[in-house]
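Data block below; observations after.
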């Protein structure tokens, strides 16, 4: 049985690793202030992550060194991002540094969690969902409701990276049952993780899980495109004027949190993974029509739909990662890296498309 301390540590590591990214995405519309497309923040947030996830799997870095690098990048990133309201370019530099730290943390935690049970991995994914929910909720509460200065709101979370370091130091794989008992082939993990991979083996491994990678791409792309390119176009009059974007982030992140917590409740079979993925794509089509024709024009109804597509995306991300770790066998580390890369690539594609789509929908 997985120790409770490990579960708490993975929950908080997932939380701290993604908190900054989702906080800055929630602040994207204010940070840009109409200077350029809102998806610029998404582009600066995902590009470093994508590059990190391409390069890092082929570099051997000591765990402690990796964690210290993450903490340093996060700290400097928060400081720079807090100045975005004085200088957009300094703020975007902070987003880039925060993104690089989150990308390193994502690869590190995805591989590190395979040494623990599925419950630990589930807590890590729940932590990422919790980060998306709380960051957007806090930003909406402090900025839109209490009218706090966004600069000080971002700066106040500066101690957050050090919680990541503390949780890593407290986690212990020595007392964990690991994932061996859940795999179809029971072979010692330490032996498997040290098995070298040739280039041809890596390619074959990637092709084996193409179905999962494609569905992950569709779900994540749909969710981020709605959040950063379609929702900024949708507006309401009266009390909710100018507030829909922030609250739409809260709604979708609530759904994402619920979806990313799904592994603790059920495990989706491989052949059914397409259901939440294509449902997320359907929501993207619906929101595009709403942005142009305003045929729904109901604030709370759109927010409830936001919970829906967020849940679909979060479910696919979590269930796909679990399926990958079980299918990959002895090549688990590389397979997990490819899966996290695919998630980042889909966000990158959504950010690039957003430069055109946001103007088109207006």
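Every residue gets a Cβ built from N, Cα and C, even glycine.
What TrEMBL lists as transmembrane segment is 7-25 (among others).
If you look up TrEMBL, you'll see 64-83 (among others) marked as transmembrane segment. Tertiary neighbourhood of the transmembrane segment (64-83): same-chain residues 16-17, 20, 24, 90-91, 93-102, 104-105, 108, 151-152, 154-155, 157-158, 160-162, 164-165, 168, selected by CB-CB distance under 8 Å and a gap of 6+ residues from either end.
Residues or ranges marked as transmembrane segment by TrEMBL: 89-109 (among others). Proximity of distant same-chain residues to the transmembrane segment (89-109), defined by a Cβ-Cβ separation under 8 Å and at least 6 residues beyond the stretch ends, is recorded for 10, 13-14, 17-18, 20-21, 24, 31, 40-41, 44-53, 56-57, 63, 66-67, 69-74, 76-83, 124, 161, 164, 337, 340, 344.
Listed as Cβ neighbours of the transmembrane segment (121-146) (distance under 8 Å, sequence separation of 6 or more from its ends, same chain) are residues 7-8, 10-20, 22-23, 25-27, 30, 109, 113-114, 153, 179, 243, 246-247, 249-250, 252-254, 256-261, 263-264, 314, 317-318, 321-322, 325. Per TrEMBL, the feature transmembrane segment maps to 121-146 (among others).
The feature transmembrane segment is assigned by TrEMBL to 271-293 (among others). Cβ atoms under 8 Å from those of the transmembrane segment (271-293) belong to residues 211-212, 215-216, 218-219, 222-223, 225-226, 230-231, 233-234, 259, 302, 305, 308-309, 311-313, 315-316, 319-320, 323, 361 of the same chain, restricted to positions at least 6 beyond its ends.
Under the heading transmembrane segment, TrEMBL lists 299-324 (among others).
Taken from TrEMBL, the feature transmembrane segment applies to 336-357 (among others).
Tertiary proximity for the transmembrane segment (299-324) is limited to same-chain residues at least six positions away from its ends with a CB under 8 Å from its CB atoms, namely 110, 118, 121-122, 125, 129, 209, 212, 215-216, 219-220, 222-223, 226, 234, 236, 240, 244, 247-248, 250-263, 267-268, 270, 273, 276-277, 279-280, 283-284, 286-287, 290, 335-336, 338-340, 343.
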